[in-house]
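Undergrad: Can you read through this structure? Questions will come right after.
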């Protein structure tokens, strides 16, 4: 790469540093971490979303864990030994100031390296800010020809290119870095922006140069799934491609990379495991209550695509692991796949009729009509809570086609809710229960939607009326991410409403029964041990009762239990279904019963690096099997969370409708097509 190419590359990487620094400033401003220095180093107001805050919080805590572990270990060494922290690509990070203010640099010093322009700008910022100067003590500012931009007794800032290792070594020597002292090398979202050969050379150079060292990196991984593809495309659009992911896509490959480069020990965790295993329950609860939050899928997927790694060498730093091993494995991988279910696109939707939304609900009104409402999606060229309805219907040539519909008349308007449920009452009528407008605004009341369709059953000329459902007074259902399932008691039809969350309660365990004929809430006895509360679970009807599977429980714990609300003479009885082999905990999936089997479709899990396909559970034997989805004939990526689905048993097909999400800071993605899964291989008796 020539000088101009290097300069352009430095500029694009610097833009990612600027964005990251602003996020860290917002993180501190909203109480996730204590960092009064972030605002001093990065001027200007900024407000990031709760999802961005959580993502940067777990990043900050993972790096903090490694830095504190290094300082604890080296503090036990003889008093003449000074520990060294070498931060590579440090940008506007406030690490030095936080450590100095906490009194953790009495026997340690910090060196930072970044592009010369970045380092000089930071040095100038420190020079002109009294609060920062108070931490550094007496200092010198280097001249424009020197690689040393800032120097104090325990802090150096250097301007250098990490790809030019000989010059880097000379600059560090000149700045007083002692290669024989215990050294922590920190590269926080840095190496992946280098060409793989340059990054590998840097890793090997560090192993050769520092006999007692710890190398910590925080980076992206898992580029091959749907979320990973959106992540890759985002950085490509920024002209900052993630070079290392093709050769080192998973943690195992990254560990091997360091071991082959001369590091003697290496361990790594994805951020879900770090968050669940190495942060206390009290700290997690503090963070989870700081702001209203309802983007669990994207939070867990973000954490599944980043890792923290610590490689060590030398007698001093290889004896104690940075990440203490756990007695129980965090990994809960699904069973080996029993086969594949082929997928194909079944709609030829035009842009104006496509179903690009998530968090919606769908109801199969008849074998030829699927009605969808609500959610967050694309409408009139922008992303918003969707006000238009969508109908998938059979055209005359037996192909599905989509149509968007607006509200008819002035009697009522759709309120834009999402994470509600929708239940078929007749071929033209559905009941909408619950939902939210925002994490602090539950939807108001139940709605009845009436679909008026043309006589030829084609999509043209259809309209919808919205009316308040005539439920009894005082029966407001202020929850979302719940389930509504048709059950029967004493030959009467009821809707069983279970779980969910509300503004006040992060998880609910409520059981409510709505008598369909009278639209009245009634009390029906339920025996057996009540299951733990949950939301974002699946529910489907079976043998007059309801099957409940998975979900997010208290403290945002993913659940794997499958429960049956069984009809008995006195009401209902909770039973737990024993499943072998046990299934991977998940949520945000859908479920159907087909040929005596419970199908769990898609969703999000954090205990496996694979992507959920379809889990098949025999309801007679409890035996489970896993099927992957063959997406070779489907435009990629396909995100199977926040979606809805409709079972067509006569055709042995399952339609996947909508889905997607706000993929952290990488952009929002909506599945562009309705997709059919072929279930013919799941015949009865198999």
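In case you wondered, yes, glycine gets a Cβ from its N, Cα and C as well.
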Undergrad: Since Swiss-Prot lists 59, 89, 114, 161, 162 for S-adenosyl-L-methionine, which candidate among 128, 131, 188 does it give for that site as well?
TA: 188
Undergrad: To which of the binding-site residues 114, 161, 188 does the lowest count of other Cβ atoms within 10 Å belong?
TA: 161
Undergrad: Give the helix, strand or coil assignment DSSP yields for residue 59 (S-adenosyl-L-methionine binding site).
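TA: DSSP assigns residue 59 (S-adenosyl-L-methionine binding site) to helix.
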Undergrad: CB neighbours of residue 162 (S-adenosyl-L-methionine binding site) within 10 A?
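TA: For residue 162 (S-adenosyl-L-methionine binding site), the 10 Å Cβ neighbour count is 21.
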